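Undergrad: Can you read through this structure? Questions will come right after.
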Amino acid sequence: MIIIFVHEAGHYLIGRWCGIKASVFSLGFGPQIVGYTDKRGTQWRLALIPLGGYVKFIGDEEGLHGTSSQSLPIVDGSFGSAHAWKKAATVFAGPLFNVLFTVVILTFFFFTYGRVAIEPVVGSFVKDSPAVQAGLQLGDRFIEMDGQQVESFEDLMNYVTFHGGDPIEFKMERSGQVFTTVITPKVVERDDGFGNRVRSGLMGVGVPVDPDNPARLDPAYVKHIRYSFGRALREASKRATFIVTQTVFFMGRLLGGKEDHCRLSGPSKTVKIAWQVSETGFLSLLNFTAFLSIGVGLINLFPIPPLDGGYLLFHVVEIITGRPISAKIREIIFRLGLCFVLLFMFFALFNDYFCWFS
């Protein structure tokens, strides 16, 4: 619920900043459990069905963005009386706050606990793997991948996982000499740790291990990085940007039929993962919350009503053309978008169970 609260708080706070008055701030849908009305006249609610939330602004009786074909009176301080850029900012604020919330969580994580990282050095190979075929040797160090700096083995694995079948240009260091090579990770099927078989990229390199105990990492290549607040903020922003770009990349591949649909998490799979992660400790749950918050923000930016991105598109068109899209056209697009979203939700739910039992 905290992710939903952050999302709706974004709409509410930026709406207030733009001079738009809110009549309702609700966590959940359906019958009210508890609530109170503040001095500004906003009713704060906790509702029975915890599947989302909403902010209802004055003069926007159909919800946050107004889809009714009926003309509503323009009242000072209402959503309808606001300039298009203010309405766009209010709509965009929800997903933006989700991303900022992730940055806040990760900044706290890096500043308080730091980061244990394995240096990106080749410690072993999988036989006949793409890395072997490319001529890599033990002790080779990864410097860059497709122009991005490689700071840890985790960075390397995260990137390769999402780029199975795609050529990746690596900048490597060997005995003080820098060279460039292109490696195409092969696509393999593996267990994702949550009972699903998924496809992912495999390059075939392993971490450096202790020569005296191959079951342990070589301590010479393990470093505990401590961050000042400024560095923690920069690292958190960098990590959040990476999550956003890889999520967008994944969705593009999924829609293009190039990604394993079992990597998509619907509501039931998300709850299952959250429960399993919570059993491993607070830090793991905190990290999962950061990832989930960005996911909620990005999904809401899809340019399809009733998602935020659909209404944001309406307001951007109004900014460009100088006049709003007619209420009738908005309502038609809304109904089509709602059907699409419901179908996608049904697919995500069915996909969860299909991937569990297939």
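Glycine too: its Cβ is placed from the backbone N, Cα and C atoms.
If you look up Swiss-Prot, you'll see Glu8 marked as active site. The Zn(2+) binding site feature in Swiss-Prot is assigned to His7, His11. For 102-177, the entry in Swiss-Prot reads domain 'PDZ'. Per Swiss-Prot, transmembrane segment is recorded for 89-111, 282-304, 332-354.
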Undergrad: Of these binding-site residues, His7, His11, which scores lowest on Cβ atoms within 10 Å?
TA: His7
Undergrad: What does DSSP give as the helix, strand and coil breakdown of the domain 'PDZ' (102-177)?
TA: 25 helix, 22 strand, 29 coil
Undergrad: Relative to the Cβ of the residue listed as 'active site', which residues of the same chain, six or more apart in sequence, are found under 8 Å away?
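TA: Within the chain, the residue listed as 'active site' has Cβ neighbours under 8 Å at Phe25, Ser26, Leu27, Gly53, Tyr54, Val55, Gly94.
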Undergrad: Across the domain 'PDZ' (102-177), what does the pLDDT come to on average, as a whole number?
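TA: Across the domain 'PDZ' (102-177), the average pLDDT comes out at 92.
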